[in-house]
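As annotated by Swiss-Prot, heme b b562 binding site applies to H83, H182. Per Swiss-Prot, the feature heme b b566 binding site maps to H97, H196; the stated evidence is similarity to another entry. Taken from Swiss-Prot, the feature ubiquinone binding site applies to H201. Residues or ranges marked as transmembrane segment by Swiss-Prot: 33-53, 77-98, 113-133, 178-198, 226-246, 288-308, 320-340, 347-367.
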Amino acid sequence: MTNIRKTHPLLKIINHSFIDLPAPSNISSWWNFGSLLGICLMIQILTGLFLAMHYTSDTMTAFSSVTHICRDVNYGWLIRYMHANGASMFFICLFLHVGRGMYYGSYTFMETWNIGVILLFAVMSTAFMGYVLPWGQMSFWGATVITNLLSAIPYIGTTLVEWIWGGFSVDKATLTRFFAFHFILPFIITALVIVHLLFLHETGSNNPTGLNSDADKIPFHPYYTIKDILGVLMMVSFLMTLVLSFPDLLGDPDNYMPANPLNIPPHIKPEWYFLFAYAILRSIPNKLGGVLALILSILILALLPFLHTSKQRSLMFRPITQTLYWILVANLLVLTWIGGQPVEHPFIIIGQLASISYFSIILILMPISGIIEDKMLKWNL
């Protein structure tokens with residue numbers, strides 16, 4: 001008798017995606033982050049659903065409703081902090097997932113990569129809108145500053161900002177629509193994730209060597225299901241340590257003060273996972289230039305397939321580009337640090353140098369090093 005998982009129309013899809021999927025035998029733990037992101041998305045949707053049951057998207061009651069969730073709802077504090085810190089875990093996994101793709105040349109799967117870039121934008125916009133919902137000081141001023149950036153668009157900018165606000169400032173209409181979008185976007189993200197996987201399964205997974213692995217494939221289950229479960233346990237342990245012992249470690253104390261349009265916080269800054277982009281935005285004195293640099297800092301990922309000059313796919317056997325890659329990682333950490341610092345000397349110049357380095361490494365140095373490494377392979381020493 002044929003196994004039902006191979007014949008049933010629905011189970012067949014699951015079987016081909018997670019059970020009998022042929023996977024390279026040599027993929028390392030860097031390939032765990034896809035499944036971890038799936039778990040993060042599930043955690044966020046579930047905790048978010050329960051939060052939405054008690055939250056009110058009105059400027060008068062939003063802050064109080066979050067306080068009510070933490071104080072009066074059964075395990076409300078746990079749900080709220082799992083959602084807030086779950087977002088941080090989501091971005092940690094996202095950055096590592098993208099970093100893995102850059103290191104091992106996974107961006108040569110064009111469709112999968114481009115859907116991934118769209119997903120990154122969708123997750124970032126969802127997180128930004130979610131940060132506005134508690135209606136604390138940093139929520140209000142963060143929303144004001146970031147939405148105001150659209151006013152840099154020539155001719156239609158001011159009208160566009162007022163249209164997004166639903167008035168002449170960030171107010172009740174803004175909060176209501178941000179809640180609506182914050183609720184719907186994770187489901188759009190889920191649909192995009194399915195498309196992302198669909199394109200990935202058309203080509204099969206990449207592997208650390210970047211070489212064709214068709215001759216050496218193993219079934220996804222049980223080998224990689226067990227491996228993924230280990231990753232999930234480690235991530236959930238880390239998340240719960242964060243939630244139960246250091247729930248406010250990654251948050252901003254200013255957000256425990258209700259939003260006050262008459263009182264500007266001394267340092268307006270976004271959540272830690274946006275700081276690198278925020279530093280790039282601030283490093284350019286011109287408003288429109290800053291906005292373009294901000295968008296390009298993420299959109300540059302879509303250019304990676306066109307900037308690949310080497311005959312080798314992965315960085316595994318490319319020492320010069322490897323060095324540049326790790327300099328880029330260090331550079332991103334510097335940008336993250338600068339994004340959280342006040343706009344004063346010496347932070348301004350450090351931010352500007354780090355921003356120039358970021359674009360130079362990706363657009364100029366890495367493609368050149370790829371060409372040099374190819375030439376080095378032809379040397380007969």
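Glycine residues also receive a Cβ, built from the backbone N, Cα and C atoms like all the rest.
Computed from a predicted structure; not experimentally measured.
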Next on the checklist: With contact taken as 3 or more Cβ pairs under 8 angstroms (pairs 6 or more apart in sequence), are the transmembrane segment (113-133) and the transmembrane segment (288-308) in contact?
Outcome noted: yes
Item to check | H83 (heme b b562 binding site), number of other Cβ atoms within 10 Å | outcome: 21
Checklist entry - Between H196 (heme b b566 binding site) and H83 (heme b b562 binding site), what C-alpha distance do you get in Å? => result 24
Next on the checklist: Give me the CA-CA distance between H182 (heme b b562 binding site) and H97 (heme b b566 binding site), in Å, as a whole number.
Outcome noted: 23
Item to check | DSSP three-state assignment (helix, strand or coil) for H196 (heme b b566 binding site) | outcome: helix
Item to check | Residue among the binding-site residues H196, H201 whose Cβ has the most other Cβ atoms within 10 Å | outcome: H196
Item to check | Where H97 (heme b b566 binding site) sits in the secondary structure, as DSSP reduces it to three classes | outcome: helix
Item to check | Separation of alpha carbons, H97 (heme b b566 binding site) and H83 (heme b b562 binding site) (Å) | outcome: 20
Checklist entry - Within 10 angstroms of the C-beta of H182 (heme b b562 binding site), what count of other C-beta atoms is obtained when all protein chains are considered? => result 21
